[in-house]
Structures are given as C-alpha cells and as structure tokens.
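If you check TrEMBL, you get these features:
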- 11-71: domain 'HTH tetR-type' (DOMAIN)
- 34-53: DNA-binding region (DNA_BIND)
Amino acid sequence: MTARKPSSVGVARRKQILAAARELFSLKGYRGASLRDVAAQVGLTLAGVLHYFPSKEELLAALLQERSEADTTWFEETWEELGSFRLAVRELMIRNMDTAGVMRLFVTLSAEACDPEHPAHDFFVQRYRTSRELFSTTLAKAQSRGEVAVRATGPVLIAVLDGLQTQWLIDPEFDLLASLEAYLDTITP
C-alpha cells in the first residue's frame, strides 16, 4: 500500500502553520509559545493544528528541518552564482540579518537545546555534525579554488558565524558585517 500524497490544500496549510510557528517561536521562544497560539494565528482549532503536526515537538522538528535544508541549498547556489566563497558567506550573514526573527529563534533554540531533554536537542546535535562536515568540505573546496588562503576549519567558521550573530542580536549597534569582514580577511587572499 502506498502512502497518500498530501493535497495542495494540506501542503498550503502546513506551510501556513510552519510560518505562524516560526513567527511565534521567534517572538516568545519555543517554550513560551503554545500550539493554541499557533492555532489562533492561523484560524484553526488546536485539533486542526494537531491534524497536521501531531505534537509541538514534531512541529518544531519540521520547522527546523525546513530552514536547515533551505539554508544549505541557498548557500550552495549563492556560492556558485557569485563565484566567491567570501561573498557567499557575507550574503549568508546579510540574509540571516534580514530574517532576524528566524536568527533569534535558532540562537535561542540552540542554547536551550544544550539540555539533552529539550525537544530540539537531537536536531541540533545532528545539525552541528552536518554543518561541521558541510563547512569543512566547503572550505576545502574553496581552498582548492584559491578562495581561502589558509587551512580554516568548519567548526571554527561555524563558531565565528554563531558568535557574531549572537553579539548582533544582543547589541544591534554591533557591526556584525565589519567583524565578519575582519575574520574573512584572515582566511582569504
């Protein structure tokens, strides 16, 4: 027996619920926003939301997975389009700054997910493993193209990006892009 393909209405409703959850989790944090809040935002009952996402944890997992996949695809396409690792990293940071609510959600959830009991813990363990591998591969490719002058590591790049984003979220007057450029000056020709 094959699984039934979701209807276009169902796909649209899931996207609507994900968008509402993204906004509410960004504003209130994962623990501060309820499924009832999400339901109210999209004009559904709690049962209506649970039809699409059987639990708050599954909604969170879908939201995080959606953004993670979109970010990875976006970065790879942008790097190829611009032909410059440095410019692609800069554009990634600008993109994140333009969606500060989503950035705040990721920063907050990644901090909360340090608790092994947090529903997003396993997601972030896997996300950081995947990100370390992806950025290590990306940096090796950039180095082979002559775009990175020194042997930079994926974990260090992730730490720099995460740290700069956190500082900017805490203090919006912090010049994130200037600090990013200063770091990129140390690894690019």
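Backbone N, Cα and C define each Cβ position, glycine as well.
Those TrEMBL annotations? Automatic predictions, nothing curated.
Not measured: the values here are computed from a predicted model.
If you take every residue in the DNA-binding region (34-53) and average the pLDDT, you get 96. According to DSSP, the secondary structure content of the DNA-binding region (34-53) in residues is 15 helix, 0 strand, 5 coil.
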